[in-house]
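Notes follow the structure.
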């Protein structure tokens, strides 16, 4: 094959990275970014992550509301006290319980110690397993809501299902194609939410645990299917930006949960002569997720199948010969060890830097820093959502790799030097200074995470693999990320409480150690990824063979 004839052979794209695509001879779509065509293509990556985000942000508000529903001490009217269903409460005169008291009629526990009446000193309070001492208020109170172990298992239950869904998502999507996949994702989500309604009505913890696992499976599955669908059918010049909508939708869903949590949880009338209806409020929080699941069931009406087609073939007029050649470029698991290890490192940066500790336990963290739990929660989630929208213009200016590494590295430093070291007891003298520095550190970390790490992860989870290996590769990458997520969700509340010295210890100690750990992991992972993280590029020899095959044989010119 002569040089002249080689130059006439069709040139193949070598990378899916933005910087490489600029020189690609593939025709780009003239479709404007804000168009009905792009909206239809992006609907799955908007709706299904919105459902995922809502349930990701569900743990904090739901747990806080359960704490309100099981805390008899909060209620100051007989009707609201005795109609509480999450705890056995009774209305009585305090003088019949203890002789030396300034309280009159109070709401206390019918089946265990009413700690705020019985104990006024720390030693007596800590001697009773039903009680805990508050160092901030210098009072004794009952253990209410979920324990640290229950909180961790509750937060982890969704992730258990999501991990299984993510690991199986590539295989299931390949077998079912897109329309049936979205249908089953919607139906399984509805089933999971119905079980959550049942668990809430019964106040049964283990039914809730099972319900969240069932719900987690389709939410993990959708993280593969929706990203792959958008990457497949989006125009080349909009694909990366549309891909970042996954994290934008997740953060929006988290904010929606915090909004409903604030509206439902902070409007309880503790002194009203009526039923506080805490169970109904918790059911209302679940019902939004149920409604979103029903919407997902109808996604097949606007989506289309085409799993076996090459990427963006419908938009860019790719011929069937090119498509079949790409589909035939199979890679073994051994050949993909490098990209898979890249995916593991990305999972470390995405989860082991502590984002879901902030998301799931934001009410507790903000309460420890002096804010009302649900108010602090919505502030965190609003900031989280606003920061995510910044990725849309940034993704059109910088590559996914640059955003991921820069934001991950700087965010990890914030964890150590703002969220960790200054919060450790004895380092900063003023409580107000501790709160101010820690909240600033958390805010900067969340902003950097949502402007780079989170949105770029789901794009890079596809881009680091060749096209034929993407369903399996992205499933492994997202599955590993969910495993790290599970570890954090279960271990964070247990570890921070243990490091702090138990339920009555100083929570700042455990929180500081956790954030220092998060930051160190993030810094190390980002340094490793700086040298190894690259979008997939076909090996030069393979590209040359493809070009030779596409050229006209010399004999046919003679």
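Using N, Cα and C of the backbone, Cβ positions are placed for all residues, glycine too.
Annotation source Swiss-Prot lists region 'Disordered' at 1-28.
The annotation topological domain 'Cytoplasmic' is assigned in Swiss-Prot to 1-38 (among others).
Taken from Swiss-Prot, the feature topological domain 'Extracellular' applies to 60-152 (among others).
As annotated by Swiss-Prot, topological domain 'Cytoplasmic' applies to 174-179 (among others), with the evidence given as sequence analysis. Looking only at the topological domain 'Cytoplasmic' (174-179), the predicted model's pLDDT averages out at 85.
Outside the topological domain 'Extracellular' (201-204), and at least 6 residues removed from its termini, the chain residues within Cβ reach (under 8 Å) are 69, 85-86, 279, 283. Per Swiss-Prot, the feature topological domain 'Extracellular' maps to 201-204 (among others); the stated evidence is sequence analysis.
What Swiss-Prot records for 226-241 (among others) is topological domain 'Cytoplasmic'.
Residues or ranges marked as topological domain 'Cytoplasmic' by Swiss-Prot on the basis of sequence analysis: 303-335 (among others).
The topological domain 'Extracellular' feature in Swiss-Prot is assigned to 357-373 (among others).
If you look up Swiss-Prot, you'll see 395-402 (among others) marked as topological domain 'Cytoplasmic'.
The topological domain 'Extracellular' annotation in Swiss-Prot covers 424-441 (among others), and the record cites sequence analysis as its basis. Long-range contacts of the topological domain 'Extracellular' (424-441) within its own chain (CB-CB distance under 8 A, at least 6 residues past either end) are made by residues 369-370, 414-415, 417-418, 506, 508-509, 511-513, 515.
Note on the topological domain 'Cytoplasmic' (464-478): residues 166-171, 173-174, 220, 223-224, 227-228, 231, 310-311, 326-331, 336, 339-340, 342-344, 346-347, 458, 533-536, 538 of its chain, located 6 or more positions outside it, place their CB under 8 angstroms from a CB of the stretch. Summarising the annotation, Swiss-Prot assigns topological domain 'Cytoplasmic' to 464-478 (among others) and lists sequence analysis as the type of evidence.
Assigned with DSSP, the residues of the topological domain 'Extracellular' (500-512) fall into helix, strand and coil as follows: 7 helix, 0 strand, 6 coil. Annotation comment: Swiss-Prot describes 500-512 (among others) as topological domain 'Extracellular', evidence class sequence analysis.
The topological domain 'Cytoplasmic' annotation in Swiss-Prot covers 534-558 (among others).
Sequence annotations record features per position, and here Swiss-Prot assigns transmembrane segment to 39-59 (among others).
What Swiss-Prot records for 153-173 (among others) is transmembrane segment.
The transmembrane segment feature in Swiss-Prot is assigned to 180-200 (among others); the stated evidence is sequence analysis.
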Long-range environment of the transmembrane segment (479-499) - Cβ separation under 8 angstroms, sequence gap at least 6: 148-149, 151-153, 155-156, 159-160, 162-163, 166-167, 220, 343-344, 346-348, 350-352, 354, 356-357, 360-361, 364, 457, 461, 505, 507, 509-511, 513-514
The topological domain 'Cytoplasmic' (174-179) resolves under DSSP into 6 helix, 0 strand, 0 coil
Might you confirm whether the transmembrane segment (513-533) is in contact with the transmembrane segment (403-423), defined here as three or more C-beta pairs under 8 A between residues 6 or more apart in sequence? yes
Using Cβ distances below 8 Å and needing 3 or more such pairs, separated by at least 6 in sequence, tell me whether the transmembrane segment (336-356) contacts the transmembrane segment (513-533). yes
